[in-house]
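Undergrad: Here it is: the structure, laid out below.
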Amino acid sequence: MMSINPIVLLFALLCTLLSPFSIGQSTIIHEQKSLYQDIVVFEHQDFRCLSFTAKKGERVQTCEYQDPQDKRIYFPYVRMTLAGLLFNPKPERILIIGLGGGSVPSALAELYPESHMDIVEIDPVVSQIAERYFYFQPSHNTRVHTGDARVYIKRAGLKGQKYDFILLDAFNGEYIPEHLMTREFLMETKQLLSSSGVLVANTFSTSKLYDHESATYRSVFGEFYNFKIPQESGNRVILSMLIPLPNQQALQQQAEALTSALQPFAIEIENYPSLMTLEADWDEQARLLTDQFSPANLLK
């Protein structure tokens, strides 16, 4: 029987999953196994894409334009995370959990060159690939920490560190590490917020986990904005603060002030406030996710 290279099979599957790209016009330029996942970098027309295949079979794709002068962020769900700037438009200290191709850190570094940024990425291979293939270049104000985010956040809390913008982006499209979803973890993260800081979480909009996750965030942060883009049916962004949340009018005014600065990244920030809601659309009696009860893998 003829044997088939598993990388070829993987590539074919990736091309099938990554709409609107087609199989025949894509080229693998790098593939590598890490301790956590198989990583493939491939090109299609004017895009370069990063795909992960984890040990349990989950997959995620992120793409950037090959032209380093083209700052546009390709995927809407990635652009959505910059909605946090509506709540704190001048963050001086930024914490990002999950690097990927580095689109968001690169955008924030350009927007706020004097701000200090800490990025936590568990997989050192991802950091290497982001720099080699996706133009991610940490500035003198940016530090990439290799390790588990839960450990980093716990240690940062013990040191009394505070951040104005915290992005939880350890989301790969189908899976978030379950120890990064519990009430205990969110309490530890909440302690890192500055008095005017914003928490931004990129997560699911539809799954069996939705009710449990929403109830858990509500138990820790109280009221939060639920931000969904209709055509992005699989994603949502949760936004919350320690202080009372701004109303829709204040968000719209801030969006107008940010529109020009965010245009190069294809972020239509002026459309975001109307897509945010404070209304609960989940079972408010759902059991909270805790370190003792966090079946995230089963509920996805």
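Note: Cβ is positioned from N, Cα and C throughout, glycine not excepted.
Heads up, here are the entries from Swiss-Prot:
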| type | residues | note |
| --- | --- | --- |
| ACT_SITE | ASP169 | active site, proton acceptor |
| BINDING | GLN37, GLU121, ASP148, ALA149 | S-methyl-5'-thioadenosine binding site |
| DOMAIN | 7-253 | domain 'PABS' |
Undergrad: Which whole-number mean pLDDT does the model give the domain 'PABS' (7-253)?
TA: 89
Undergrad: Ranking the recorded positions GLU121, ASP148, ASP169 by other Cβ atoms within 10 Å, which is at the bottom?
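TA: Each of the recorded positions GLU121, ASP148, ASP169 was scored by Cβ atoms within 10 Å; lowest is ASP148.
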Undergrad: Using DSSP, would you call GLU121 (S-methyl-5'-thioadenosine binding site) helix, strand or coil?
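TA: Looking at the DSSP assignment, GLU121 (S-methyl-5'-thioadenosine binding site) belongs to a strand.
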Undergrad: Hey, for the S-methyl-5'-thioadenosine site built from GLN37, GLU121, ASP148, ALA149, who else sits with CB inside 8 A of the CB center?
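TA: Near the S-methyl-5'-thioadenosine site, beyond GLN37, GLU121, ASP148, ALA149, sit TYR36, GLY98, VAL120, ILE122, ASP123, VAL126, GLY147, ALA170, PRO177.
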Undergrad: Does DSSP put GLN37 (S-methyl-5'-thioadenosine binding site) in a helix, in a strand, or in coil?
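TA: Where GLN37 (S-methyl-5'-thioadenosine binding site) sits, the three-state DSSP reduction gives strand.
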Undergrad: C-alpha of ALA149 (S-methyl-5'-thioadenosine binding site) to C-alpha of ASP169 (active site, proton acceptor): distance in Å?
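TA: So the alpha carbons of ALA149 (S-methyl-5'-thioadenosine binding site) and ASP169 (active site, proton acceptor) sit roughly 11 Å from each other.
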Undergrad: State, in Å as a whole number, the widest CA to CA span among the S-methyl-5'-thioadenosine-binding residues GLN37, GLU121, ASP148, ALA149 given in the record.
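TA: So the maximum pairwise Cα distance among the S-methyl-5'-thioadenosine binders is 17 Å.
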Undergrad: Could you tell me which three-state DSSP class ALA149 (S-methyl-5'-thioadenosine binding site) falls into?
TA: helix
Undergrad: Do you know offhand how many angstrom separate the residue listed as 'active site, proton acceptor' and GLU121 (S-methyl-5'-thioadenosine binding site) by C-alpha?
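TA: Counting only the Cα atoms, the answer is 10 Å.
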Undergrad: How many neighbouring Cβ atoms, not counting its own, are there within 10 Å of the Cβ of ALA149 (S-methyl-5'-thioadenosine binding site)?
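TA: I count 23 other Cβ atoms within 10 Å of it.
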